[in-house]
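Undergrad: Let me give you the structure first, and then I'll get to my questions.
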Amino acid sequence: MEDEAEIFEGLRSQFPLSFGKQSKSETPLELIHNATRRATAAATTSTAVNSDKPSASTSSDKANAFPSLSSSSKGWLDSLKNSNPRNPKKKAKEDELIGPPRPPASSEEDGPAIIGPPRPPPGSGVVDEDDEPVIGPPRPRPGGDGEDDDDEPIVGPPRPPPGRMESDSDEDMDEEDEDSGYRIPLSNEIVLKGHTKVVSALAVDHTGSRVLSGSYDYMVRMYDFQGMNSRLQSFRQLEPFEGHQIRGLSWSPTADRFLCVTGSAQAKIYDRDGLTLGEFVKGDMYIRDLKNTKGHISGLTCGEWHPKAKETILTSSEDGSLRIWDVNDFKSQKQVIKPKLSRPGRVPVTTCTWDREGKRIAGGIGDGSIQVWNIKAGWGSRPDIYVSNGHTDDITGLKFSSDGLTLLSRSFDGSLKVWDLRQMKEALHVFDDLPNHYAQTNIAFSPDEQLFLTGTSVERESTTGGLLCIYDRAKLELVSRVGISPTYSVVQCAWHPRLNQIFATVGDRHEGGTHILYDPTISERGALVCVARAPRKQSVDDFQAQPVIHNPHALPLFRDQPSRKRQREKILKDPLKSHKPELPINGPGHGGRVGSTKGSLLTQYLLKQGGLIKETWMEEDPREAILKYADVAAKDPKFIAPAYAQTQPETVFAKSDSEDEEK
């Protein structure tokens, strides 16, 4: 035990004292939020705060700029810095001086010389009683670096308490609302990375603690704000269907399960931790009537969970149907909806959505029509609202307002249309010049539904990049264009009501991510939690020495067999080891081998050279060549005749029997 303790102490001495300790982040929140501050917001704040300084570097402005000052606080600081209305030039010069001001040159006309530092200039905030001479240096001006005593009179509005980012008074709130008009969280930004292609699906649960992002790289990534640190890494990634893009994600009303819609014909249900609960059945593609199939027969385009019922979901597909499913029965759907078509055939349903109460369904059809169905007793596929020429191209997104009076639609034709559900013949307003190249581009409302927003795609010759366009619902006018990425398109967007943070997914063919816009003054939890959490430090217990195992007598089964490809090629080139027969040589011989012109064998070559072989068979008659040996065979028999010389000296031949021949 003592030896182990000595070894541990020796190992521990190699690490610093702070190694392995869970210390809190020493970086103040002000610096953390400055690091995540958007470039446009930082420039605006630094300009507002330091507008009176004639010369200051950009880096110092960003460092000195408080990360989340409200507009009322900025105006108050400006009023303090311009507190000398009589002589602003003299005031600016005094700001440049370091230390107490120099005494003025004495003259006989001015009377007796002033002893001690001069009186503070008018407007400096110091009140003299009965014009008594001030002894000592002047008091610091309000807004300076000096510390104020409690007994001193305060000139102007009181300072905000330290660490307070927002004024508590109702007047300041009213002034801020009058200045900006809207409280949009745009000052700070973080990016959730990890995808290798454009992020086409987004879902934030109702509590705002978990975020799902799906991409064209076939993966779904899960982020948890409560367990995530400043590295912003996902805690789990899924691949629902190999080789199929993610086209939709939706949480259940209780946020214990979520729906995943891919390019395949089957939707999947996962639990909160990413474990598969089941997948819906695929229909028979050879049945023509879609109402007789048990499921979709083509790729899905959109899907959404019922806003109230936790067992009901809605999906749309390229097969031209919408289906309502029960998550407790994966074998068959509850309802099949076939939209009304202007021409016969199968037209894909590109998007679908529920209203807030789950009593209406809206679908965007591939022919540009918008159809709405009211869920009631005995309802069928006949739409209650039918707009034949809603858009000139495929519809990518639909969104109901919570009051059920407004419907927003987004399309490939580069427009966003606002519809009044009470009068659907014509759109209330059409917003153009919104390029859209992705079938998942959607629309989202603000928490109070005074604003709605959508993203734009990047065009080849465009210099604006991917934008997030925010519109006023009442005035039907553009409020702001927020630049999200200079090179990536903005596809999905969401404004979470509890977090008061804006989510926007971006990407292209090579990379994708989710941008989260927030403001420390008005946003809650979410990005604020994980940005301020430092990564976990490495502990001594995390140190693992990689052991080296020596086992020279291991079985051949467990040995790493080297590659024998080169060895086999070398053996094939060797004629002896490969036992390869020699190929005949055409032409004269070489290398000790006889050519084929004078015989391929050595014996043939020698006999021909010695004259023992004479090729005369081509010039002689075969019959004569055989008969010339008849006399020799009769006079000097060698083989058959000597064997029968004693037993049968006279040759006896068989006589032919005509009867046997006839038979």
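The count begins at 1 with the first shown residue.
From the backbone N, Cα and C atoms, a Cβ is placed for every residue, glycine too.
According to TrEMBL, the feature compositional bias 'Low complexity' maps to 37-48, 68-80. If you look up TrEMBL, you'll see 49-62 marked as compositional bias 'Polar residues'. The annotation compositional bias 'Acidic residues' is assigned in TrEMBL to 168-179. The compositional bias 'Basic and acidic residues' annotation in TrEMBL covers 569-582. The region 'Disordered' annotation in TrEMBL covers 1-185, 561-595. Per TrEMBL, the feature repeat 'WD' maps to 192-233, 293-335, 388-429.
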Undergrad: Sort out the residues at least 6 away from either end of the compositional bias 'Basic and acidic residues' (569-582), same chain, that have Cβ-Cβ distances under 8 Å to it, and list them.
TA: 593
Undergrad: I'd like the per-state residue tally for the repeat 'WD' (293-335) from DSSP, helix first, then strand, then coil.
TA: 0 helix, 19 strand, 24 coil
Undergrad: When DSSP states are grouped into helix, strand and coil, how many residues of the compositional bias 'Basic and acidic residues' (569-582) land in each?
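TA: Across the compositional bias 'Basic and acidic residues' (569-582), the residues distribute as 9 helix, 0 strand, 5 coil.
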Undergrad: Compute the average pLDDT of the predicted model within the repeat 'WD' (388-429).
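TA: Across the repeat 'WD' (388-429), the average pLDDT comes out at 92.
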